[in-house]
Amino acid sequence: MHMRSFKIAIDGPAGSGKSTISKKLSQKLGWNHIDTGAMFRALTLYLLENEVSWHNEKSLNQILDKINLSYSCNKIFLNQEDVSLKIKSLDVEKHVSSVALIPGVRTKLLKLQKEICANTPNLIMDGRDIGTVVMPDANLKIFLTANITKRALRKQQEDAQNGKITDITQIMKQLKERDHKDYHRHLAPLSKALDAILLDTTELSIDELIAKITTLIEKKRRA
């Protein structure tokens with residue numbers, strides 16, 4: 001299989017390591033990386049900053065049409081502003097799962113994500129419905145998982161890197177609530193694609209996981 005046509009879908013719940021691994025893997029391979037979760041967070045940021053209610057779907061859809069999202073050099077831009085750091089706020093984190101349930105939001109972002117898939121070679125895309133909905137024809141599908149304690153510790157470390165001090169018990173509670181929403185939502189729920197490879201990241205380092213995925217890529221390309 002020609003390298004330029006290779007696309008990888010990486011899915012998993014919050015804290016499973018999918019964004020970190022996808023970013024590191026893309027850097028190692030020199031490929032493109034799209035973090036779809038960042039798209040949902042960017043839209044959430046816009047709604048919060050502009051005090052837009054997401055309960056009136058008709059008016060919300062009109063507003064969504066005016067929002068421009070784009071990726072460049074692993075940074076996400078909201079109406080031409082780099083919001084890569086802003087979207088990591090606790091306020092965005094608190095509301096993003098509710099915004100992600102809105103049909104109009106999912107429709108807008110699914111269209112954008114599919115356009116990116118169609119026009120981007122050597123692509124690694126991570127999220128919650130990439131292998132099942134966004135990129136079902138991906139050359140390699142991976143579903144990452146980890147136990148709740150490990151996921152909470154990772155989230156706490158990520159928060160600390162962003163200057164936020166958070167309580168591990170509260171993080172675990174939030175992760176469980178997020179899991180319930182993600183697995184049970186009506187539109188594009190979080191689920192493992194039938195042909196996805198399950199990798200438990202609980203006891204694996206980033207380097208070990210990247211080595212495993214690199215081996216899987218090589219096997220797929222030889223097939």
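From the backbone N, Cα and C atoms, a Cβ is placed for every residue, glycine too.
Within the same chain, the residues at least 6 positions away from S16 (ATP binding site) whose Cβ sits under 8 Å from its Cβ are L144, T145, A146, R151, T201, listed in sequence order. A coil conformation is recorded for S16 (ATP binding site) in the three-state DSSP classification, outside any helix or strand. Look at Swiss-Prot and you will find G12, P13, A14, G15, S16, G17, K18, S19, T20 tagged as ATP binding site, backed by sequence analysis.
Taking all protein chains in view, 19 other C-beta atoms sit within 10 angstroms of the C-beta of T20 (ATP binding site). Listed in sequence order, I10, D11, G12, D126, G127, L144 are the same-chain residues six or more apart from K18 (ATP binding site) with CB atoms under 8 A from its CB.
Shown in sequence order, R151, K155, L175, R178, D179, D182 are the residues of the chain, 6+ apart in sequence, with a C-beta less than 8 angstroms from the C-beta of A14 (ATP binding site).
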